[in-house]
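The S-adenosyl-L-methionine binding site annotation in Swiss-Prot covers GLY186, ASP209, SER232, PHE233, LYS246. The feature active site, proton acceptor is assigned by Swiss-Prot to HIS250, with sequence analysis given as support.
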Amino acid sequence: MESNDLNKESLENWNESWDLVMTFGMGHLTSKLFNILMNNSIFDMINESPKHYKEIAKIINFNEFSCYRLLRYFVPYGLFEENNEIFSITNKSKKLIKSGGIYNLCTFFSSNDYFKLYSTIPESFEQNKNLGPSSFGFDDFWDIVKTNEHFKYSFNQEMREFSNLSIPTIIKNTDFSSFNTVVDVGGSHGRIVGELVKKYENLNGIVFDLETVINSSIEKIKHPRIEYVSGSFFESVPSADCYVLKNILHDWDDEKCLEILKTISKSMKENSKIFIFDEIIDPNDYRKLSLFLDVTVFHFFNSRERSLNDWKQLCDKSDFKIDSINNVTQPQLLILSKK
């Protein structure tokens, strides 16, 4: 083998090895450094105009060289460009400014609270139970939200952005034109029905959620064709032509999901439909997001994301059958009707 070939092979091995080490062994370091950028709104700062690292250091009250080290760390990741010690953001990192759509997601996922929440994940897998809440001293995830105002605020902001990313694909790629009344089960601030009543002039929307959620939602969508109803989907839901459950059932195990579906079944009209927007894990085409969410809901709630076979088995145990599937929406859509 030629010397140049040996050198090339050696270099490739070096790069592949360190890519693995830095991605899987040191990802926590990148996340914590990234959190410094998010907490100091550095992407917004540089988005206004490229800045010398010394100017940035002065604004955020950092040591100049420490600031330079932090900024240059993310140049190979494509988040900054550097020219004569002046840093600018890239098309990629424009999504990380506060109005970019994922600012709160990135800030929460790289936060100390989130790291703390995952400190017990080895035990969750070892014991096959959700020990995420135990990292905060609780058995139930929602007790963290109820008692920790900082966590509650960050979590709600993150969830709002998570929802905002998916809603446009849902509205664009789902036909609600045949329905008079749509209930968004667990609908929180009413964003989905808010978009639906704008698109369909004859449609009425009901946002159904817990009383505490309805009363505390500061961004509640107001419209003459939108009604807010409080209650528990384990007890009763309003009567409607269509029930939307977006990222609801993945928070619950099969037994609880069957209870939710049974409750809805009691209020359904003859031709009512259930629109379930949730991940459908494809064993032949795994998606990073689906599997990230699967691990997350397991660690938080002892629940799961489901494959198509899992969804079919769930329906077999209930009053419902799957009429159709839409893989274009994010998350995917399963349309259910009574058997």
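Every residue number used here counts from 1 along the chain in the order it is shown.
Even glycines carry a Cβ here, placed using N, Cα and C.
Annotated features, which come from Swiss-Prot, shown on the structure.
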residue	record	DSSP class
GLY186	S-adenosyl-L-methionine binding site	coil
ASP209	S-adenosyl-L-methionine binding site	strand
SER232	S-adenosyl-L-methionine binding site	coil
LYS246	S-adenosyl-L-methionine binding site	strand
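The distance from the Cα of GLY186 (S-adenosyl-L-methionine binding site) to the Cα of HIS250 (active site, proton acceptor) comes to 13 Å. The separation of HIS250 (active site, proton acceptor) from PHE233 (S-adenosyl-L-methionine binding site), Cα to Cα, is 14 Å. Between the two most distant C-alpha atoms of the annotated S-adenosyl-L-methionine binders (GLY186, ASP209, SER232, PHE233, LYS246) there are 16 Å. Taking only the Cα positions, the spacing between ASP209 (S-adenosyl-L-methionine binding site) and HIS250 (active site, proton acceptor) is 16 angstrom. Taking the recorded positions ASP209, SER232, PHE233, LYS246, HIS250 in turn, the residue surrounded by the fewest other Cβ atoms inside 10 Å of its Cβ turns out to be SER232. Of the recorded residues, the residue listed as 'active site, proton acceptor' and SER232 (S-adenosyl-L-methionine binding site) place their C-alpha atoms 17 Å from one another.
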